Amino acid sequence: MQRNLVVLLFLGMVALSSCGLREKHFQKLVKYAVPEGTLRTIIQTAVHKLGKTQFGCPAYQGYCDDHCQDIKKQEGFCHGFKCKCGIPMGF
């Protein structure tokens, strides 16, 4: 039952995030929907980690460049799931 709830919450968060809702909205939803305990802590941690990622980075080649040009007027590079402005990949 708890696994189904977690999957349902995750899919709901993914669907709502495409509508422009931010991490704080999801944290509030988790706070009221999930009882206090270990499960809530795990879900809140997952929401925070997902909120920090930029999924367009690996999926769309020019996402980071467009993102960094808008913000800092620098060239953008994809580092995993995060865009870094002006910091090239160092292998």
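Quick reminder: no glycine exception, Cβ is built from N, Cα and C everywhere.
Pulled from Swiss-Prot:
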type	residues	note
DISULFID	Cys57-Cys78	disulfide bond
DISULFID	Cys64-Cys83	disulfide bond
DISULFID	Cys68-Cys85	disulfide bond
DOMAIN	54-91	domain 'BetaSPN-type CS-alpha/beta'
SIGNAL	1-19	signal peptide
Residues that sit under 8 angstroms from Cys78 (disulfide bond) by C-beta distance, when 6+ apart in the chain: Cys57, Pro58, Tyr63, Cys64, Lys84, Met89
Between Cys83 (disulfide bond) and Cys68 (disulfide bond), find the distance joining the two CA atoms and give it rounded to the nearest Å. 8
Taking the Cβ of Cys83 (disulfide bond) as centre, how many other Cβ atoms lie within 10 Å? 20
Composition by DSSP (helix, strand, coil) of residues within the domain 'BetaSPN-type CS-alpha/beta' (54-91): 13 helix, 8 strand, 17 coil
